[in-house]
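Contents: one structure, followed by commentary.
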Amino acid sequence: MRPETRALVLHLGVIAGLAALYPLLPTYHQGNLTRILVLAIYATGYNVLFGYTGLLSLGHAMFFGAGMYGLGLPMQHLGLPALPAFVLGTACAATLAAAVAALALRTAGVAFMIVTLMFSQAAFLTILYFTTWTRGEEGFVLARGARRIAGLDFSTPDVRFWTAFALFATALLLTLWMARSRFGHVLVAIRENEERTRMLGYDVQSHKFRAVVISGAFAGASGAAYGLFFGYVGATFASVQYSIFPLLWVLLGGAGTILGPLVGTAFMFYLINWAQDLTSAYMLVAGVVLVLLTLFARAGIVGEIRKRWLGWLP
Amino acid sequence: MTILSTDKLNRVFGSLTAVRDVSLSVDPGEVHALIGPNGAGKSTLVGMIAGRIPPTSGRVVFDGKDVTSLPAHRRMQMGMAYTFQITAIYARLTLFDNLALALDDRDPARVAAALDRVGLTERSDQLAGDLSYGHQRLLEIAMGVAQAPRLLILDEPTQGLAESEIAGFGDLVRSLRGTTTILLIEHNMNVVMELADRITVLETGEVLATGTPDQIRANLAVQDAYLGTTHA
């Protein structure tokens, strides 16, 4: 089998595996899997920018939040139906990403991290400032009756899972296709040697811009889906913690691998879950695991698998 | 008929004028060498030609168009190619990927043909960073050649190459003669005298002389400034 075919079979296999796994799981883990898939869309988008393009953003929570509030506010205050609200939320995130990219991409390296962090803090404070509509830290609950598209009622766990599954599968296959396209190859080239890439005649700035917008749109879709599925919109999801999470998930799973974001998200989800049972300082456990991984498996879980055994993994 | 010309190019870094009023013209198909002592402004000059360094004043005209305000990648798209003085390849990618990016095409036959020009075909699947220094330099030259440029700018291509590799480099340049215009910065005088059709000598940012290898060899001012031969 050619490596391309092998990779496609593997990724379709993972998708099929997720579908087969769901009915076998106990209810509690079914719910977890739904959350993991929604958040893995966020991680997958983050990976486009961090893993493939080599740009480290510390402000992705603003895109996740833009998706969530872009969906939630018009549903809550204007009675917008769920489907257009979902599209609007994703579009809000993509638009915000375009605006942030236009400014932040004038910087590079550490300055880019700081600028994205600052924009994200500004977005977070904006949510708190308009507490009248956003309900600030406390957030608001989306009415159960409004959370439906056509015949799908998102207060039902099974509907939630299968919709999350479809969204995640789309995100995964889109990134797989992207990674193999000319666009994806140029992103990797930028990550590996930006000046060389420019001097081969590639428009580095425009590729980076598109990477930020794609990444922001994925984050927004994930945020909108999270709000829609679980019926709650709150400022915590736009806080700095939610900018750090996708970075950790992608680092753990393997930056610049297609499956890494899913593996990292699932690993971290259950790690924190397990640590919460042990101690209230559960983030400490997450920290220790991260330190261990950077010491002994710097490429992340899937990255190490690729390095040691499966060199053809995209 | 010129493919490239510069018109009174200047570049000032603080109190240092690295390049002063350089007007240069390169004919299509020629191998034009830039020589001069360290700090003469050679790399700054080609940096301005390629679009990596904005000039303080002056113009760059390529293929009949004023490209002074165009960004580097647009100039490359117009038919320039540039190899760095300090090797700039994709060290963590395979040779195949390096060449595929240079070609902007992943067709295996074209990549193999491009690698074959520098004799690296068999190493197609190796990581570029695992190559010896000399092979990395050859890879970078192959990436420049693969773009089928009309103007190939080579910044000290033979630095760090062994004698046998330099001979191979000479053959490669000769095979491009007539189809590709080459602007060559080079310290190895044997290479310059052997390959160049014309030579421009820079000193402290200014053009000291331009001419054929024989003319440059006979030029007393150049001998004083650079070639180091004493004349009685």
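Just so it is clear, glycine is given a Cβ too, placed from its N, Cα and C backbone atoms.
A TrEMBL annotation is a machine prediction, not a hand-curated record.
TrEMBL has this to say about the protein:
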type     : residues  : note
TRANSMEM : A:6-25    : transmembrane segment
TRANSMEM : A:37-63   : transmembrane segment
TRANSMEM : A:83-103  : transmembrane segment
TRANSMEM : A:110-130 : transmembrane segment
TRANSMEM : A:161-179 : transmembrane segment
TRANSMEM : A:209-235 : transmembrane segment
TRANSMEM : A:247-272 : transmembrane segment
TRANSMEM : A:281-301 : transmembrane segment
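Ranking A:110-130, A:161-179, A:247-272 by CB pairs under 8 A with the transmembrane segment (A:281-301) puts A:247-272 at the top. Ranking A:6-25, A:37-63, A:83-103, A:110-130 by CB pairs under 8 A with the transmembrane segment (A:247-272) puts A:37-63 at the top. Taking every listed stretch (A:110-130, A:161-179, A:209-235) in turn, the largest tally of C-beta pairs under 8 A with the transmembrane segment (A:83-103) is reached by A:209-235. When each of the listed stretches A:6-25, A:110-130, A:209-235 is scored by C-beta pairs under 8 angstroms to the transmembrane segment (A:161-179), A:6-25 comes out highest.
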